[in-house]
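Novice: Questions regarding the structure given below will be posed in turn.
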Amino acid sequence: MADTAEILSGLAEIVEEVAGIDTAEVTADKSFVDDLDIDSLSMVEIAVQAEDKFGVKIPDDQLAELKTVGDAVSYIEKNQ
Amino acid sequence: MTDVVVTGYGASTPLGGDAASTWDALLAGKSGVGLTRGEWTEKQDLPVKISAQLAVDPTDVLPRVQARRMDRVEQVAVVTAREAWAHSGLAVGEGEEPKVDPTRLAVVIGSGVGGAVTLLDQDDLLETAGLRKVSPLTVPMLMLNGPAALVSLEIGAQGGVYAPCSACASGAEALASAYRMLKAGEVDVVVAGGAEACITGITVAGFVQARTLSQRNDSPEEASRPFDTGRDGFVLGEGAGVMVLERREFAEARGATIHGTLAGIGITSDAYHITGPDPEGKGQARAMLNAVRTAGLEPSDVGHVNCHATSTVVGDVGEARAVQKALGDHPVLTAPKGALGHLVGGAGAVEGLISLLSVRDGIIPATLNLKDKDPAVELDVVAGEPRKMELTAAVNNSFGFGGHNASLLFTK
């Protein structure tokens, strides 16, 4: 089981791989769409990679609710 | 009616990663053909082991994240369009006023098969790993209008995006479409060309089964030999060519450098056979004559024809006869596919650019590997060394599976 810091850094690596955003920019308060400029196609890729990395399921209706990096970290932490 | 002038160009080919290196390598008599590189070549034991792959991989030029969202054909189109756009002087920095009204700027980029490699790769993933592993970018990467659409995003073109598809004539047809749009006054500037990147097992296998590819695996650089008695088929290639075309008044008003004029076009179709050209070359001859007529010139003005000649037994002789029938005995021919291989949807745009440069610089590149000219070809074909020759007009031919014939006529 990954802790909060591990989930954040793991998620940041995925975001960097998919969207080319420096891992240091991927902080809990950032909005995927408004701050990191990630489009809906890339969000699908990020979700699939996060599912594999953390052993969680992120259904589409849940994915739509994950507005910020922090939202995603908490969701993964609760559901892993 | 306005003239259509060329103010910028770019290319990425088996001979070089840009237009200048491609042109220099062509004049120097270099070959872009070699043994095919790629993981799939180890899995598929096909009788053709050679192709003309890009000299510079677009993934070495594009930022990684941009590249991973594109099929290879889209990557090479964007890299080439970026070069042409910068070359035209129309590119501006972030936040600066555009030099052309975006609603008066259009894109026409053709391709023969589009993102076929993505289609195959994603289908494999669906079969082996299931739906979850299929990329959400699959459709924008495989769609045939992808290269044109991505170029429109790159330059902010809002005056229309088109993707003509006419097999090996697609690139030439894109330039012809741009000509029509500019002549009609629909827009002021069009970024137009063609791109292809489909060298993979199934395309090679398909062309092998159609008996169209050279099997000269032991000497790749000598495999593509248009008009030579030893020719045994074409060499599949990949690459892109893009031009920036403008209404002459618009280009002059902004003080652009003008590299030449796309003075006439001819588009015809054979309605004869799905792959074979009409043996009498009637459609090809009409295309060339239409290009001359739309330019307001006479056949005697055309000193040079840059031939489609792919190095197939039937096609090369048929084209030479069609040139003779349409224009007479005087045009001097060359066939750049000896060096470039066959860039399919990219061919017409890259070879159109070569024709433009021949007119501008007064020099015709030699047909690589033409050692022993087929006696059925009666016209003069440049071989050995490039030939210096002042040209009033040059015609570029591109023909495609499906009976497509596209001729472009360039003047200074």
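FYI, residue positions are counted from 1 along the chain as it appears here.
Just so it is clear, glycine is given a Cβ too, placed from its N, Cα and C backbone atoms.
Here TrEMBL flags A:2-80 as domain 'Carrier'. As annotated by TrEMBL, O-(pantetheine 4'-phosphoryl)serine applies to A:Ser40.
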Novice: Validating a neighbour-count step here. Other CB atoms within 10 A of the CB of A:Ser40 (O-(pantetheine 4'-phosphoryl)serine): how many?
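Specialist: Total other Cβ atoms inside 10 Å, all chains included: 11.
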Novice: Average the per-residue pLDDT over the domain 'Carrier' (A:2-80) and send me the rounded value.
Specialist: 96
Novice: Sort the residues of the domain 'Carrier' (A:2-80) into helix, strand and coil with DSSP and give the three counts.
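Specialist: Once the DSSP states are binned, the domain 'Carrier' (A:2-80) shows 49 helix, 2 strand, 28 coil.
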